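Student: Structure provided below as C-alpha coordinates; questions to follow.
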(Lines of atoms letter the chains of each structure in order from A and count residues from 1; the text may use other names and numbers.)
(Lines give C-alpha, C1' and ligand atoms only; values in the text may rest on other atoms or scores of the structure.)
Protein backbone atom coordinates (compact mmCIF):
# COMPACT_ATOMS: atom_id res chain seq x y z
CA UNK A 1 0.00 0.00 0.00
CA UNK A 2 1.45 3.36 -1.02
CA UNK A 3 1.31 6.41 1.22
CA UNK A 4 1.39 10.04 -0.07
CA UNK A 5 4.60 11.96 0.36
CA UNK A 6 4.90 14.46 3.19
CA UNK A 7 4.74 17.59 1.01
CA UNK A 8 1.53 16.38 -0.63
CA UNK A 9 -0.06 15.74 2.78
CA UNK A 10 0.79 19.18 4.12
CA UNK A 11 -0.60 20.86 1.02
CA UNK A 12 -3.94 19.00 1.37
CA UNK A 13 -4.32 19.97 5.04
CA UNK A 14 -3.63 23.61 4.28
CA UNK A 15 -6.22 23.66 1.53
CA UNK A 16 -8.90 22.20 3.82
CA UNK A 17 -8.05 24.75 6.51
CA UNK A 18 -8.47 27.62 4.10
CA UNK A 19 -11.83 26.32 2.82
CA UNK A 20 -13.14 25.78 6.35
CA UNK A 21 -12.11 29.26 7.42
CA UNK A 22 -13.85 30.76 4.42
CA UNK A 23 -17.05 28.83 5.17
CA UNK A 24 -17.02 29.91 8.79
CA UNK A 25 -16.35 33.54 7.89
CA UNK A 26 -19.35 33.58 5.55
CA UNK A 27 -21.71 32.73 8.49
CA UNK A 28 -20.24 35.05 11.07
CA UNK A 29 -22.17 38.25 11.74
CA UNK A 30 -19.90 41.12 12.39
CA UNK A 31 -21.39 43.03 15.28
CA UNK A 32 -19.34 46.05 14.29
CA UNK A 33 -20.71 46.06 10.73
CA UNK A 34 -23.10 49.06 10.51
CA UNK A 35 -24.73 47.59 7.43
CA UNK A 36 -25.64 44.24 9.04
CA UNK A 37 -29.50 43.84 9.22
CA UNK A 38 -31.02 43.32 12.69
CA UNK A 39 -34.38 41.52 13.34
CA UNK A 40 -36.26 39.99 16.30
CA UNK A 41 -38.36 36.86 16.86
CA UNK A 42 -42.11 37.35 17.25
CA UNK A 43 -45.01 35.40 18.79
CA UNK A 44 -48.60 35.86 17.63
CA UNK A 45 -51.92 34.08 18.16
CA UNK A 46 -54.00 32.67 15.33
CA UNK A 47 -56.10 35.45 13.85
CA UNK A 48 -53.81 38.18 15.15
CA UNK A 49 -51.36 40.53 13.40
CA UNK A 50 -47.58 40.36 13.58
CA UNK A 51 -45.12 43.10 12.58
CA UNK A 52 -41.69 42.12 11.21
CA UNK A 53 -39.02 44.85 11.39
CA UNK A 54 -35.56 44.85 9.79
CA UNK A 55 -33.07 47.69 10.49
CA UNK A 56 -29.52 48.68 9.60
CA UNK A 57 -27.41 51.34 11.28
CA UNK A 58 -26.07 52.72 8.00
CA UNK A 59 -27.07 52.36 4.36
CA UNK A 60 -25.48 52.84 0.98
CA UNK A 61 -28.96 53.09 -0.55
CA UNK A 62 -29.06 49.34 -1.14
CA UNK A 63 -32.58 47.89 -0.85
CA UNK A 64 -33.87 45.80 2.09
CA UNK A 65 -36.04 42.77 1.34
CA UNK A 66 -38.35 40.46 3.36
CA UNK A 67 -38.89 36.80 2.30
CA UNK A 68 -41.28 34.23 3.78
CA UNK A 69 -40.65 30.70 5.01
CA UNK A 70 -40.73 29.43 1.38
CA UNK A 71 -38.16 32.07 0.40
CA UNK A 72 -40.78 33.98 -1.60
CA UNK A 73 -40.10 37.70 -1.66
CA UNK A 74 -42.79 39.61 0.20
CA UNK A 75 -41.50 43.19 -0.13
CA UNK A 76 -38.48 44.61 -1.95
CA UNK A 77 -38.07 48.01 -0.42
CA UNK A 78 -41.49 49.68 -0.60
CA UNK A 79 -42.62 47.50 -3.48
CA UNK A 80 -45.00 44.57 -2.94
CA UNK A 81 -43.69 41.37 -4.47
CA UNK A 82 -46.30 38.79 -3.42
CA UNK A 83 -50.02 39.18 -4.02
CA UNK A 84 -51.31 38.49 -0.54
CA UNK A 85 -53.64 41.13 0.91
CA UNK A 86 -52.89 39.93 4.43
CA UNK A 87 -49.36 41.33 4.05
CA UNK A 88 -49.07 45.12 4.12
CA UNK A 89 -46.21 47.63 4.18
CA UNK A 90 -45.81 49.10 7.67
CA UNK A 91 -42.77 51.37 7.13
CA UNK A 92 -39.98 51.75 4.59
CA UNK A 93 -36.77 53.84 4.50
CA UNK A 94 -33.14 53.41 3.53
CA UNK A 95 -32.37 51.93 6.98
CA UNK A 96 -35.66 50.13 7.88
CA UNK A 97 -38.26 47.86 6.31
CA UNK A 98 -41.30 46.81 8.40
CA UNK A 99 -44.27 44.74 7.20
CA UNK A 100 -47.53 43.58 8.84
CA UNK A 101 -48.97 40.09 8.40
CA UNK A 102 -52.66 40.04 9.40
CA UNK A 103 -55.13 37.24 10.09
CA UNK A 104 -52.22 35.00 10.97
CA UNK A 105 -52.68 31.28 10.37
CA UNK A 106 -50.84 28.30 11.77
CA UNK A 107 -49.17 27.85 8.37
CA UNK A 108 -47.52 31.27 8.75
CA UNK A 109 -45.25 29.93 11.47
CA UNK A 110 -41.58 29.64 10.57
CA UNK A 111 -38.39 31.54 9.74
CA UNK A 112 -38.53 34.81 7.77
CA UNK A 113 -35.44 36.36 6.12
CA UNK A 114 -34.40 40.00 5.80
CA UNK A 115 -31.71 40.70 3.17
CA UNK A 116 -29.64 43.78 2.31
CA UNK A 117 -28.45 43.60 -1.30
CA UNK A 118 -24.87 44.70 -1.01
CA UNK A 119 -21.73 42.91 -2.14
CA UNK A 120 -21.70 40.52 -0.43
CA UNK A 121 -25.44 40.18 0.46
CA UNK A 122 -26.09 40.54 4.19
CA UNK A 123 -29.01 38.63 5.82
CA UNK A 124 -30.81 38.22 9.16
CA UNK A 125 -33.57 35.83 10.21
CA UNK A 126 -36.69 36.20 12.43
CA UNK A 127 -38.68 33.25 13.75
CA UNK A 128 -42.48 33.69 13.94
CA UNK A 129 -44.24 31.43 16.48
CA UNK A 130 -47.99 31.07 15.99
CA UNK A 131 -50.11 30.10 19.02
CA UNK A 132 -53.18 27.97 18.45
CA UNK A 133 -55.97 29.57 20.55
CA UNK A 134 -57.84 26.90 22.57
CA UNK A 135 -61.59 26.66 22.27
CA UNK A 136 -63.98 27.42 25.13
CA UNK A 137 -63.99 24.51 27.60
CA UNK A 138 -67.00 22.22 27.79
CA UNK A 139 -68.04 20.51 31.05
CA UNK A 140 -69.84 17.18 30.90
CA UNK A 141 -70.79 14.42 33.32
CA UNK A 142 -73.49 16.24 35.30
CA UNK A 143 -77.02 15.82 34.03
CA UNK A 144 -79.11 15.21 37.17
CA UNK A 145 -79.02 16.21 40.83
CA UNK A 146 -76.92 13.99 43.08
CA UNK A 147 -78.10 12.69 46.49
CA UNK A 148 -76.25 13.96 49.56
CA UNK A 149 -73.16 11.84 50.24
CA UNK A 150 -72.87 10.76 46.59
CA UNK A 151 -70.03 11.46 44.17
CA UNK A 152 -69.99 13.34 40.90
CA UNK A 153 -67.28 13.21 38.20
CA UNK A 154 -67.00 16.18 35.85
CA UNK A 155 -65.00 16.19 32.60
CA UNK A 156 -63.71 19.40 31.02
CA UNK A 157 -62.49 19.45 27.38
CA UNK A 158 -60.86 22.14 25.23
CA UNK A 159 -59.77 21.81 21.60
CA UNK A 160 -57.36 23.45 19.15
CA UNK A 161 -54.59 24.65 21.45
CA UNK A 162 -50.94 25.07 20.44
CA UNK A 163 -49.01 24.40 22.55
CA UNK A 164 -51.31 22.14 24.59
CA UNK A 165 -53.38 24.13 27.08
CA UNK A 166 -53.73 23.39 30.78
CA UNK A 167 -57.16 23.09 32.41
CA UNK A 168 -57.76 24.36 35.95
CA UNK A 169 -60.72 23.66 38.28
CA UNK A 170 -62.17 26.14 40.80
CA UNK A 171 -64.94 26.34 43.39
CA UNK A 172 -65.36 30.08 43.80
CA UNK A 173 -61.83 31.43 44.35
CA UNK A 174 -60.53 28.10 45.65
CA UNK A 175 -58.58 26.00 43.14
CA UNK A 176 -59.41 22.29 43.09
CA UNK A 177 -57.10 19.50 42.04
CA UNK A 178 -58.20 17.69 38.90
CA UNK A 179 -56.84 14.40 37.64
CA UNK A 180 -56.43 12.29 34.53
CA UNK A 181 -55.42 15.12 32.20
CA UNK A 182 -55.21 13.90 28.61
CA UNK A 183 -53.58 15.50 25.56
CA UNK A 184 -54.48 14.33 22.04
CA UNK A 185 -52.79 15.56 18.88
CA UNK A 186 -55.08 16.56 16.04
CA UNK A 187 -54.30 14.59 12.86
CA UNK A 188 -52.60 16.72 10.17
CA UNK A 189 -52.68 19.74 12.51
CA UNK A 190 -50.08 21.12 14.93
CA UNK A 191 -52.77 21.57 17.61
CA UNK A 192 -53.96 19.45 20.54
CA UNK A 193 -57.18 18.64 22.38
CA UNK A 194 -56.94 18.49 26.17
CA UNK A 195 -59.29 17.14 28.86
CA UNK A 196 -59.34 16.92 32.63
CA UNK A 197 -61.54 15.17 35.20
CA UNK A 198 -62.70 16.26 38.67
CA UNK A 199 -64.36 13.96 41.22
CA UNK A 200 -66.26 15.40 44.22
CA UNK A 201 -68.15 13.89 47.15
CA UNK A 202 -71.08 16.22 47.71
CA UNK A 203 -72.98 17.33 50.80
CA UNK A 204 -75.98 19.63 51.31
CA UNK A 205 -73.58 22.54 51.67
CA UNK A 206 -72.50 22.02 48.05
CA UNK A 207 -76.00 22.64 46.68
CA UNK A 208 -75.98 25.53 44.16
CA UNK A 209 -72.17 25.79 44.28
CA UNK A 210 -70.47 26.85 41.02
CA UNK A 211 -67.71 24.60 39.70
CA UNK A 212 -65.50 26.39 37.15
CA UNK A 213 -63.20 24.99 34.48
CA UNK A 214 -60.76 27.60 33.09
CA UNK A 215 -58.20 27.36 30.26
CA UNK A 216 -54.61 28.35 31.04
CA UNK A 217 -52.71 29.24 27.81
CA UNK A 218 -50.16 31.84 26.63
CA UNK A 219 -52.64 33.18 24.07
CA UNK A 220 -55.25 34.00 26.74
CA UNK A 221 -55.52 36.34 29.69
CA UNK A 222 -56.51 34.60 32.97
CA UNK A 223 -60.21 33.77 32.96
CA UNK A 224 -60.72 34.63 29.27
CA UNK A 225 -62.18 31.22 28.51
CA UNK A 226 -64.06 29.36 31.21
CA UNK A 227 -67.21 27.35 31.77
CA UNK A 228 -69.38 26.91 34.86
CA UNK A 229 -71.44 24.04 36.21
CA UNK A 230 -73.93 24.47 39.07
CA UNK A 231 -74.09 21.53 41.46
CA UNK A 232 -77.52 20.31 42.52
CA UNK A 233 -77.62 18.16 45.66
CA UNK A 234 -80.69 16.33 46.98
CA UNK A 235 -81.02 16.20 50.78
CA UNK A 236 -83.65 15.60 53.45
CA UNK A 237 -85.40 18.53 55.17
CA UNK A 238 -83.99 20.40 58.15
CA UNK A 239 -87.15 21.30 60.09
CA UNK A 240 -87.66 24.49 62.07
CA UNK A 241 -90.91 25.76 63.64
CA UNK A 242 -91.50 29.51 63.69
CA UNK A 243 -94.21 31.14 65.88
CA UNK A 244 -96.37 34.02 64.71
CA UNK A 245 -95.15 36.00 67.75
CA UNK A 246 -92.81 35.40 70.66
CA UNK A 247 -95.46 36.39 73.22
CA UNK A 248 -98.62 34.43 72.44
CA UNK A 249 -101.43 35.60 74.75
CA UNK A 250 -104.59 33.98 75.92
CA UNK A 251 -107.57 34.70 73.70
CA UNK A 252 -105.52 35.77 70.66
CA UNK A 253 -105.30 34.16 67.24
CA UNK A 254 -101.98 32.43 66.70
CA UNK A 255 -100.20 30.09 64.31
CA UNK A 256 -97.04 27.97 64.07
CA UNK A 257 -95.24 27.65 60.71
CA UNK A 258 -93.18 24.59 59.83
CA UNK A 259 -90.13 25.37 57.66
CA UNK A 260 -88.57 22.35 55.97
CA UNK A 261 -85.29 23.43 54.41
CA UNK A 262 -84.60 20.62 51.95
CA UNK A 263 -84.06 19.85 48.28
CA UNK A 264 -86.64 19.38 46.95
CA UNK A 265 -89.00 21.31 49.21
CA UNK A 266 -91.13 19.10 51.49
CA UNK A 267 -94.42 17.94 50.01
CA UNK A 268 -95.92 16.46 53.17
CA UNK A 269 -96.30 17.93 56.65
CA UNK A 270 -97.68 16.32 59.80
CA UNK A 271 -98.44 18.04 63.13
CA UNK A 272 -98.59 16.45 66.58
CA UNK A 273 -98.44 17.36 70.25
CA UNK A 274 -95.91 15.60 72.40
CA UNK A 275 -97.50 13.01 74.71
CA UNK A 276 -100.96 14.42 73.87
CA UNK A 277 -103.42 14.79 71.05
CA UNK A 278 -103.79 18.09 69.24
CA UNK A 279 -106.24 20.50 70.92
CA UNK A 280 -109.65 20.59 69.19
CA UNK A 281 -109.30 24.27 68.30
CA UNK A 282 -105.88 23.70 66.62
CA UNK A 283 -106.40 23.37 62.87
CA UNK A 284 -103.76 21.81 60.57
CA UNK A 285 -103.27 23.81 57.36
CA UNK A 286 -100.33 22.18 55.54
CA UNK A 287 -97.18 23.76 56.91
CA UNK A 288 -99.27 25.83 59.40
CA UNK A 289 -100.94 24.94 62.70
CA UNK A 290 -103.55 27.61 63.46
CA UNK A 291 -105.24 28.51 66.77
CA UNK A 292 -108.44 30.58 66.61
CA UNK A 293 -108.28 31.53 70.29
CA UNK A 294 -105.39 30.57 72.53
CA UNK A 295 -106.01 28.95 75.86
CA UNK A 296 -103.59 27.98 78.59
CA UNK A 297 -104.62 24.39 78.02
CA UNK A 298 -102.82 24.73 74.65
CA UNK A 299 -99.46 24.87 76.44
CA UNK A 300 -97.09 22.07 75.52
CA UNK A 301 -94.51 20.83 72.99
CA UNK A 302 -95.68 20.73 69.36
CA UNK A 303 -93.98 18.57 66.73
CA UNK A 304 -93.85 18.98 62.96
CA UNK A 305 -92.75 16.21 60.60
CA UNK A 306 -91.70 17.09 57.05
CA UNK A 307 -91.02 14.67 54.18
CA UNK A 308 -89.63 15.56 50.72
CA UNK A 309 -89.23 12.09 49.25
CA UNK A 310 -85.48 12.03 49.91
CA UNK A 311 -85.92 11.77 53.66
CA UNK A 312 -87.90 13.14 56.60
CA UNK A 313 -87.17 15.08 59.75
CA UNK A 314 -88.96 16.70 62.65
CA UNK A 315 -88.81 19.92 64.63
CA UNK A 316 -90.41 20.96 67.90
CA UNK A 317 -91.64 24.13 69.57
CA UNK A 318 -92.69 24.71 73.18
CA UNK A 319 -95.83 26.85 73.40
CA UNK A 320 -96.34 28.88 76.58
CA UNK A 321 -99.48 31.01 76.52
CA UNK A 322 -99.18 34.32 78.41
CA UNK A 323 -101.86 36.00 80.50
CA UNK A 324 -104.37 38.20 78.74
CA UNK A 325 -102.93 41.70 78.34
CA UNK A 326 -104.74 44.26 80.47
CA UNK A 327 -105.75 47.59 78.89
CA UNK A 328 -103.05 50.24 79.01
CA UNK A 329 -105.46 52.94 80.15
CA UNK A 330 -105.76 52.93 83.98
CA UNK A 331 -109.01 52.52 85.85
CA UNK A 332 -109.05 55.80 87.71
CA UNK A 333 -111.42 57.41 90.13
CA UNK A 334 -111.34 61.03 91.18
CA UNK A 335 -113.38 61.98 94.18
CA UNK A 336 -113.31 65.30 95.93
CA UNK A 337 -113.81 64.65 99.59
CA UNK A 338 -114.09 66.80 102.70
CA UNK A 339 -112.44 64.21 104.95
CA UNK A 340 -110.10 64.51 107.88
CA UNK A 341 -107.00 64.10 105.74
CA UNK A 342 -104.42 66.84 105.65
CA UNK A 343 -105.55 69.85 103.65
CA UNK A 344 -102.12 70.12 102.07
CA UNK A 345 -101.60 66.60 100.70
CA UNK A 346 -103.25 63.35 99.65
CA UNK A 347 -101.64 59.88 99.62
CA UNK A 348 -102.04 57.09 97.06
CA UNK A 349 -100.52 53.63 97.59
CA UNK A 350 -98.65 52.15 94.66
CA UNK A 351 -98.38 48.44 93.93
CA UNK A 352 -95.18 46.77 95.11
CA UNK A 353 -94.35 45.85 91.51
CA UNK A 354 -93.77 49.50 90.61
CA UNK A 355 -90.10 49.84 89.59
CA UNK A 356 -90.01 53.58 90.21
CA UNK A 357 -88.25 54.98 93.30
CA UNK A 358 -88.91 58.71 93.13
CA UNK A 359 -90.50 61.13 90.77
CA UNK A 360 -91.29 64.71 91.51
CA UNK A 361 -93.28 67.33 89.62
CA UNK A 362 -94.35 70.90 89.98
CA UNK A 363 -97.43 72.80 88.94
CA UNK A 364 -96.00 76.19 89.59
CA UNK A 365 -95.09 77.02 85.97
CA UNK A 366 -98.28 77.40 83.92
CA UNK A 367 -96.66 78.85 80.82
CA UNK A 368 -94.53 75.99 79.56
CA UNK A 369 -95.10 72.61 78.00
CA UNK A 370 -94.12 69.37 79.81
CA UNK A 371 -90.36 69.18 80.39
CA UNK A 372 -88.92 65.71 80.97
CA UNK A 373 -85.31 66.79 81.51
CA UNK A 374 -83.75 64.57 84.23
CA UNK A 375 -81.88 66.29 87.04
CA UNK A 376 -79.77 64.89 89.85
CA UNK A 377 -80.04 65.69 93.55
CA UNK A 378 -77.66 65.61 96.46
CA UNK A 379 -78.99 65.20 99.99
CA UNK A 380 -82.69 65.84 99.33
CA UNK A 381 -85.19 66.37 96.53
CA UNK A 382 -88.29 68.51 96.43
CA UNK A 383 -90.53 70.30 94.00
CA UNK A 384 -90.40 74.04 93.45
CA UNK A 385 -93.23 74.33 95.95
CA UNK A 386 -91.34 72.31 98.58
CA UNK A 387 -91.64 75.14 101.07
CA UNK A 388 -95.27 74.15 101.51
CA UNK A 389 -94.72 70.39 101.76
CA UNK A 390 -92.53 67.97 103.69
CA UNK A 391 -89.19 67.08 102.06
CA UNK A 392 -88.56 63.31 101.74
CA UNK A 393 -85.28 62.06 103.13
CA UNK A 394 -82.42 60.79 100.98
CA UNK A 395 -82.87 57.26 102.28
CA UNK A 396 -86.46 57.21 101.12
CA UNK A 397 -85.92 58.68 97.70
CA UNK A 398 -83.99 57.82 94.55
CA UNK A 399 -81.63 60.27 92.89
CA UNK A 400 -83.58 60.22 89.61
CA UNK A 401 -86.07 63.13 89.55
CA UNK A 402 -88.12 64.42 86.69
CA UNK A 403 -89.35 67.99 86.85
CA UNK A 404 -92.70 68.28 85.11
CA UNK A 405 -94.38 71.56 84.27
CA UNK A 406 -98.11 71.85 83.78
CA UNK A 407 -99.64 73.68 80.86
CA UNK A 408 -102.12 76.50 80.59
CA UNK A 409 -104.67 73.75 79.94
CA UNK A 410 -104.83 73.16 83.69
CA UNK A 411 -105.91 76.75 84.25
CA UNK A 412 -108.75 76.34 81.74
CA UNK A 413 -109.92 72.95 82.94
CA UNK A 414 -109.18 73.16 86.63
CA UNK A 415 -108.97 76.74 87.97
CA UNK A 416 -106.76 76.67 91.04
CA UNK A 417 -109.38 78.07 93.48
CA UNK A 418 -111.85 75.27 92.68
CA UNK A 419 -109.59 72.35 93.72
CA UNK A 420 -110.32 70.47 96.87
CA UNK A 421 -107.35 69.53 99.03
CA UNK A 422 -108.34 65.86 99.22
CA UNK A 423 -108.84 63.32 96.47
CA UNK A 424 -108.02 59.68 95.82
CA UNK A 425 -106.51 57.94 92.80
CA UNK A 426 -106.34 54.17 92.29
CA UNK A 427 -103.51 52.62 90.21
CA UNK A 428 -103.91 49.13 88.76
CA UNK A 429 -100.31 48.55 87.63
CA UNK A 430 -97.15 50.52 86.94
CA UNK A 431 -98.40 50.82 83.35
CA UNK A 432 -100.72 53.54 84.63
CA UNK A 433 -97.73 55.72 85.40
CA UNK A 434 -97.89 57.69 82.08
CA UNK A 435 -101.52 58.53 82.74
CA UNK A 436 -100.65 59.57 86.29
CA UNK A 437 -97.93 61.89 85.06
CA UNK A 438 -100.35 63.40 82.56
CA UNK A 439 -102.83 63.92 85.36
CA UNK A 440 -100.16 65.74 87.36
CA UNK A 441 -99.62 68.11 84.47
CA UNK A 442 -103.28 69.08 84.58
CA UNK A 443 -103.46 69.52 88.34
CA UNK A 444 -101.79 72.31 90.36
CA UNK A 445 -99.92 69.81 92.57
CA UNK A 446 -96.37 68.64 93.11
CA UNK A 447 -96.00 64.92 93.67
CA UNK A 448 -93.35 62.51 94.98
CA UNK A 449 -93.06 58.81 95.73
CA UNK A 450 -91.79 57.55 99.08
CA UNK A 451 -90.18 54.13 98.91
CA UNK A 452 -90.53 53.32 102.59
CA UNK A 453 -94.34 53.02 102.50
CA UNK A 454 -94.69 52.83 98.68
CA UNK A 455 -97.01 55.84 98.63
CA UNK A 456 -97.53 58.74 96.29
CA UNK A 457 -97.94 62.23 97.74
CA UNK A 458 -99.69 65.23 96.18
CA UNK A 459 -98.70 68.64 97.60
CA UNK A 460 -100.48 71.99 97.23
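First residue shown is number 1, and so on along the chain.
Positions of Cβ are set from backbone N, Cα and C atoms, glycine also.
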Student: Region 'Disordered' per TrEMBL sits at which of 330-352, 399-421, 422-444?
Tutor: 330-352
Student: What are the DSSP helix/strand/coil residue counts across the domain 'Ig-like' (237-320)?
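Tutor: Across the domain 'Ig-like' (237-320), DSSP assigns the residues as follows: 3 helix, 49 strand, 32 coil.
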Student: Within the domain 'Ig-like' (137-232), how many residues are helix, strand or coil going by DSSP?
Tutor: 3 helix, 55 strand, 38 coil
Student: Let's see if you can do this one: DSSP helix, strand and coil counts over the domain 'Ig-like' (34-129), in that order.
Tutor: 3 helix, 48 strand, 45 coil
